[in-house]
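Swiss-Prot lists 57 with the feature active site, proton donor. Positions annotated as Zn(2+) binding site by Swiss-Prot: 55, 85, 88. Residues annotated as domain 'CMP/dCMP-type deaminase' in Swiss-Prot: 4-116.
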């Protein structure tokens, strides 16, 4: 039952990833849910905003904070199509969300840290429930296709020169 709910919310986050892709951004989407309602939405916008912090998660958290007029986003669930980077993990810690659900795993160098170490240290006051690999195939495919297309375009540009 809970997995089906997670899947339904992830489908919405995935729609925002497709929106980011249409805008020429890295296709990552995020939503923040509180009591079965979306209170924050985000998609990667770093390129269009010329802002390295404009990740989907950050935008969703900022929007939610403004909406509820509090930077503490207690008892919320963040759905994101890709495992958060370390910057976004810092924002998750500061906002005190209760649960993180993500789709695709990331093996790039800026993701080579342990979510377990960040969020599940028994000596820390803050604990985060993490569910990974929800709609992993769909969340991975959009990224793989996006970067394959980018690489093809680079090859064509290089051949013209």
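For all residues, glycine too, the Cβ spot is worked out from N, Cα and C.
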Three-class DSSP assignment, residue 88 (Zn(2+) binding site), comes back as helix
Secondary structure of the domain 'CMP/dCMP-type deaminase' (4-116) by DSSP, residue by residue, totals 51 helix, 25 strand, 37 coil
Candidates 85, 88 (binding-site residues); min other-Cβ count within 10 Å returns 85
Not counting 55, 85, 88, residues with a CB within 8 A of the CB centroid of the Zn(2+) site are 56, 57, 58, 84, 86, 87, 89, 91
